[in-house]
Amino acid sequence: MGAPALPQIWQLYLKNYRIATFKNWPFLEDCACTPERMAEAGFIHCPTENEPDLAQCFFCFKELEGWEPDDNPIEEHRKHSPGCAFLTVKKQMEELTVSEFLKLDRQRAKNKIAKETNNKQKEFEETAKTTRQSIEQLAA
């Protein structure tokens, strides 16, 4: 019987899983932001129709796009998300103790909740704005 599979979100702690997300990444060779280097910096590739080079840190959820071939992924990550705890980890993920891993994952979960809460707040504010405009038009 084989080892049980890791939960999908925990798989992203492993660099090879992050590399696998860079299927149609535009920068493959002779550049600083190859899939391997992007994955080392904690990024996964999550392209959209309008942003084919969109990458997101799986840990702090910072999204960056508009990559240039000479962009250094770790430097860009530090510049745009200096508080990301993933960047401070000095060990390979496989070398972390269970306690270290769970502490790290607790921070990732907090980041995810903060991101989702922020997105919901923006969505609510946009709905409130639209509703307010509709009410004002009725009153006019």
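Cβ atoms here come from the backbone N, Cα and C positions, even for glycine.
Given the structure is predicted, the values throughout are model-derived calculations rather than measurements.
Marked as repeat 'BIR' by Swiss-Prot: 18-88. Look at Swiss-Prot and you will find LYS23, LYS90, LYS110, LYS112, LYS115, LYS129 tagged as N6-acetyllysine. Look at Swiss-Prot and you will find THR34, THR48, THR117 tagged as phosphothreonine. Annotation comment: Swiss-Prot describes GLU76, HIS80 as Zn(2+) 2 binding site. The region 'Disordered' annotation in Swiss-Prot covers 113-140. What Swiss-Prot records for GLU126 is site 'Interaction with FBXL7'.
Remark: HIS80 (Zn(2+) 2 binding site) has LYS62, LEU64 as non-local neighbours, by Cβ distance under 8 Å and separation of at least 6 in sequence. DSSP assigns THR117 (phosphothreonine) to a helix in the three-state reduction. A mean pLDDT of 96 is what the model gives for the repeat 'BIR' (18-88).
The separation of LYS112 (N6-acetyllysine) from GLU126 (site 'Interaction with FBXL7'), Cα to Cα, is 21 Å. Of all the recorded positions listed (GLU76, GLU126), GLU126 has the fewest other CB atoms within 10 A of its CB. Sequence-distant contacts of LYS115 (N6-acetyllysine), defined as residues of its own chain at least six apart whose C-beta falls under 8 angstroms from its C-beta, comprise PHE61.
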